[in-house]
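A.B. asks: Annotations for this protein, taken from TrEMBL, read as follows:
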- HIS93, HIS95, HIS137, GLU139: Fe cation binding site (BINDING)
- 59-154: domain 'Pirin N-terminal' (DOMAIN)
- 212-321: domain 'Pirin C-terminal' (DOMAIN)
Amino acid sequence: MAINSMITKRELFEFKKKQLFIQPLDKFIPIDNNMSQQRPLVKVIKKIIGKEQSEGVGVRVIRTLGSGQVSYHDPFLLLDEAKLSKPAGFPSHPHRGFETVSYLLQGSMRHEDNQGNVGMLGTGDVQWMTAGRGVIHSEMPAGEGIMHGIQLWVNLKAKDKMVDPHYQDLRASEIPKKQLDEFTTLSVIGGKRSSNVELESPLKLLTTVLYFHVKIAKNGHAYREIIPKGYQGLVYVIEGSGKIIQENNASENAPEKSALLFKETTEDQTLEFETASDVTQFLVIAGEPMKEPMARYGPFVMNTQEEIYQAFDDYESGKFQ
């Protein structure tokens, strides 16, 4: 063999290196730096199709949670969607022992209570009301046209049920929002998002809750959210439809006006929603279960039946002041 045909170790190394980089791409196995961080998917345990029912004066609400199908998904008590206009509304009525979250999607609402508080909500605004030891309030459409909103009831822990009533109003301009991609917009109404894009609501909450509003303008588009360990909750579809991806290539369809409840997570888990319409809006709501005894009657949510009787006595004797 001629000397000039001999291949040195260095030349062999350079040759192999070049060979490595000119291989067809389909022969490479990509390295996923997040492979070890892949999370299990949340498990859907119940689908509730919203049903219309009467509430207030002349109001028809679409109720999912809080209905005969599922009365409680700790810590969430009720979820209603309603469209109404004058003269329909919710005149003076009492609450004790929990919080109401009013999210106005369209129109305006006037709020007034027996403490002398008066307020107005406009399109995109949120009011987080802590009823605590008791409040009597009204919620009525303001101005002309349709008022379209969502109301969520959130339970309070026993230690917080008798706090002084108070309000937190969050204007649409104050809600943290992010364009996640070309098609997806996220609004963080309550809590802190811990996924790749962090956003945190300025609301100070007694109950640990996540409340996100997601809008997607593409069919077949996926949205993923990290649900922290020890949380359970639901997805409510306001507009459009989709499905929640489950383990083993399964899925649960999510039609418009439905709530899909998922069980308490045993570790950080992924909620994956895939749209099935050109425009889809949905809420992601989750929180830490309280796992406390609960007694409930109408607008009063306490821990024992005796406390419910006391709430009625206090209301009727004018002690909700």
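Each position is counted from 1, following the chain as shown.
Just so it is clear, glycine is given a Cβ too, placed from its N, Cα and C backbone atoms.
Relative to the rest of the structure, where do these features sit?
C.D. replies: Secondary structure at HIS137 (Fe cation binding site), taken from DSSP and collapsed to helix, strand or coil, is strand.
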A.B. asks: Name them in sequence order: residues not among HIS93, HIS95, HIS137, GLU139 whose Cβ is within 8 Å of the mean position of the Cβ atoms defining the Fe cation site.
C.D. replies: PHE90, SER92, PRO94, THR100, ASP113, VAL135, ILE136, SER138, PRO299
A.B. asks: Could you tell me the mean pLDDT the prediction assigns to the domain 'Pirin C-terminal' (212-321)?
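C.D. replies: Averaging the confidence scores along the domain 'Pirin C-terminal' (212-321) gives 97.
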A.B. asks: Below 8 Å Cβ to Cβ and six or more residues apart, same chain only. Which residues does that give for HIS93 (Fe cation binding site)?
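C.D. replies: Spatial neighbours, sequence-distant, of HIS93 (Fe cation binding site): ILE136, HIS137, SER138, PRO299.
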A.B. asks: So for HIS137 (Fe cation binding site), how many other CB atoms are inside 10 Å of its CB?
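C.D. replies: Looking across every protein chain shown, the total is 22.
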